[in-house]
Number of protein chains: 2
Amino acid sequence: MTPAYTQLHHTFTRLSRFDHLSAIAGWDSAAMMSPQSSQARSEAMAELDLLRHQILTDARVGEWFKDVGHENLNELERANLHEMHRTWHNTVVLPDWLVEARTLAGARCEHAWRTQRPANDWNGFADNLREVVKLARQEAQIRAEAAGTSRYDAMLDLYEPGLRAADLDRIFGDLKTWLPGLLQQVVAKQAQSTPVPLQGPFATERQRALGLQVMQLLGFNFEQGRVDVSTHPFCGGVPQDVRITTRYKDDDFLPALLGIIHETGHARYEQNRPGEWLSQPMGRARSMGVHESQSLLFEMQLARSPAFLRVLHPWVIEQFGQQPALQLDNFIALNQRVKPGHIRVDADEVSYPLHVILRYEIERALIEGEIEVDDIPTLWADKMQQYLGIDTRGDYRNGCMQDIHWTDGSFGYFPTYTLGAMYAAQLFQAARNAVPGLDDAIAAGNLQSLSGWLKENVWQHGSRFSTADLITRATGETLNPAFFRKHLEARYL
Amino acid sequence: MTPAYTQLHHTFTRLSRFDHLSAIAGWDSAAMMSPQSSQARSEAMAELDLLRHQILTDARVGEWFKDVGHENLNELERANLHEMHRTWHNTVVLPDWLVEARTLAGARCEHAWRTQRPANDWNGFADNLREVVKLARQEAQIRAEAAGTSRYDAMLDLYEPGLRAADLDRIFGDLKTWLPGLLQQVVAKQAQSTPVPLQGPFATERQRALGLQVMQLLGFNFEQGRVDVSTHPFCGGVPQDVRITTRYKDDDFLPALLGIIHETGHARYEQNRPGEWLSQPMGRARSMGVHESQSLLFEMQLARSPAFLRVLHPWVIEQFGQQPALQLDNFIALNQRVKPGHIRVDADEVSYPLHVILRYEIERALIEGEIEVDDIPTLWADKMQQYLGIDTRGDYRNGCMQDIHWTDGSFGYFPTYTLGAMYAAQLFQAARNAVPGLDDAIAAGNLQSLSGWLKENVWQHGSRFSTADLITRATGETLNPAFFRKHLEARYL
Ligand SMILES: [Zn+2]
Ligand SMILES: [Zn+2]
């Protein structure tokens, strides 16, 4: 009889092949697809999703998970089995009707949001969101009962396995004691001199050339990936062929450039996942938080540092010529500008965690049933005032309706952005401690030792270790917000 | 109980969704994929092929085909059922071991061919080809027994359903009586004045702009497709999003331009298949021959005509400036150059059918067991001498090893190229008869009435009618090589 582990290995290999097709079709939908194809594409993707669901929920898979307990596995196989089981459990625990209802409610909510947001129509939006929240609570309840955790913990576990709301309360609680004050200090300091703004236009072709040059510097493997354009930039594709995207603005080249650097961080993680395990769950990136730590390490820790900006500066001048905004000091100031605002995705690295803490506190309470959808606007306005010092009353469009993470029921996802920022600070400091002369190498435009350290300590491990173990092995301790605080103070005060 | 037709309809809808993903991934492999991904892509595609095979060979599908006989179907449903059954039968009739063995032997033969061809290594190639032919004969034998036809007829039916070798013998027999003589006459005539050759370089960006302009003129719907670059140009994707490709040469813009026109002919057929039937076999293009008739109608009948070349001419000058080769008469002469050569894919429309007849005669005899692989070189050299007046002895590289249609076992495919050329001539003449002022409209750069006629008479029908019925309904008679002859004589004598 074929061992159960072999059967599971085969099943997940098969799934990874369908994932490959799904990833490429998903990239194509965003970067290449003609509008007339969207209906047919959705149907094809849904058929593939259904197939993957059927493969995982086949009764034999459950049997194999029972039988595999008696088999002798080495450490890597055990780690793989753990990840297989997590994937399987997270899928089979939900009844089919709930998966369908959730998809439908999310699609309806998002579709209506497209016109409700410009119309600032909170009441209309709330009607749909209530249904989404109702189903998300049912999902969370089912997951929580199976895991023996709270509802929100069960959702959080989907995106950052092992992390609990209690951890977040401690970590974000720490941030809340000093970050709003630090933000006000930085704003006051930067008020003394406003940088000269960029004068466009900046030709797309030159922006693209600059982006490619920077990707090369950052070690993106062009034999194993490409960069294209999409409305919402992302990192997709498959580890053997990573597809990042960006979006070019005529009047400012920095969003595309920093966006490319961000996605290149994600891409290098993907390109360097463990080669022998790519067909298996253990070969996957560890978590959303760890993934974001790699993009933010590249974008925030590295690319917005004066040392790196000095490396970029002559390339920028070469593409766009000199202008007052591109005097070196001004160029650095533009990249380190801190300005609290309404919109999370436009936020600087000092404000960003405060947006996330606000979302976390509201979504946790929503899922735990402590508040209702109708309570969101008041809570939102209060917290924006308290954390960011901004009056957002009545402006739903740029308030709680600004993005779609809640409309599709992805509660538990927001915290990973700030976990990523904090892991990034901690990892970057660990790399500096471990690699002699790292800062000098970066200042000289040599990123190989940084890449080498990241590959050794993060990328090559896939999901072999838990996030806590991965971070501890790499940095000597579990997540410690002090590194993030030190980074912000050093850069901005 | 759900009617069997409904079950079949659902099954083929599901298959079409997987076909959608396969088509997009196939396009991606040729136009976008990074080299490191090719192994993972092949595995993913093979997994999808296996799945499609499993869906079709599921025993219930056979039951439904039995039960559906008792159900009341309208004419379109009956046509659809016919195409469903054809697809199903062509799949299930082959045992799995043969499908696998054929794929392996084809892959091995093609892989070795890549180095054997440059080395002119016929003996090495023949070793692998013998295995391919052996398996192809087994395939043909199984198909022939099921269909009650000859072996070669059974293979031909895969590409041009309903056509028999007896038809080809008649049609190609006709061509052979006059085409070699006509070719010699045209060559003698054109020897009197050689056109001035083009002087490059021709910038890729300008070639691309010209291509897009011509696609627009030809009615390519850019809301429903796109054009990219690949080593071997093709028309792929899905009807809602047709992906054509081309390849740019620095020193000559005509191959890319005419290639784009050719693929646009395929693309318009795809873009105009019947909208309500796209998920079903009846919605597919009729056959390989009819498909090629649309590309050749655009490329040969239309684009190489003086009237159309006069429309293109100012656009060419606008992109590349004037030069002696681009004097109008010379530009027309360049596009109507007839020059018998070794290589089929480089052949002009007068020589091309002779390459095809040669392949047909050899592959039919091979599959029927009348000759062996070792007989190919002598037959090749004899026929090249007889049909095209070229001595090819000993030059296997540019002889029987020049392309890969045989290495993957696609015996029966070659004739469709020339069937397409003949259908094209017949259809174009029928359009001229049916549409008053068609030639004037074309000369004025207005292609809407031609498109309208093609849509009405070919594109919108999908596979509703047999090829013979389709051609008869459109032109008043079945395939008649006289139209092709008249076309060649009018253009070249
Ligand atoms: Zn990111
Ligand atoms: Zn073609």
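Cβ atoms here come from the backbone N, Cα and C positions, even for glycine.
TrEMBL annotations: computationally assigned, not manually curated.
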Site-mate of B:His262, B:His266 for Zn(2+) in TrEMBL, selected among B:Glu223, B:Glu292: B:Glu292
Cβ contacts of B:His262 (Zn(2+) binding site) (under 8 Å, same chain, 6 or more positions away): B:Pro233, B:Ser295, B:Leu296, B:Phe298, B:Glu299
Env. residues of Zn(2+) site, Cβ within 8 Å of mean position of B:His262, B:His266, B:Glu292 Cβ: B:Cys235, B:Glu263, B:Gly265, B:His291, B:Gln294, B:Ser295, B:Leu296, B:Phe298, B:Glu299, B:Gly420
Spatial neighbours of B:Glu292 (Zn(2+) binding site) that are distant in sequence (at least 6 apart) but have CB under 8 A: B:Thr416, B:Tyr417, B:Leu419, B:Gly420, B:Ala421, B:Tyr423, B:Ala424
Cβ-Cβ neighbours of B:His266 (Zn(2+) binding site) (radius 10 Å): 22
Under 8 Å by Cβ from B:Glu263 (active site, proton donor/acceptor), same chain, sequence gap 6 or more: B:Val227, B:Pro233, B:Phe234, B:Cys235, B:Ile244, B:Thr245, B:Thr246, B:Ser295
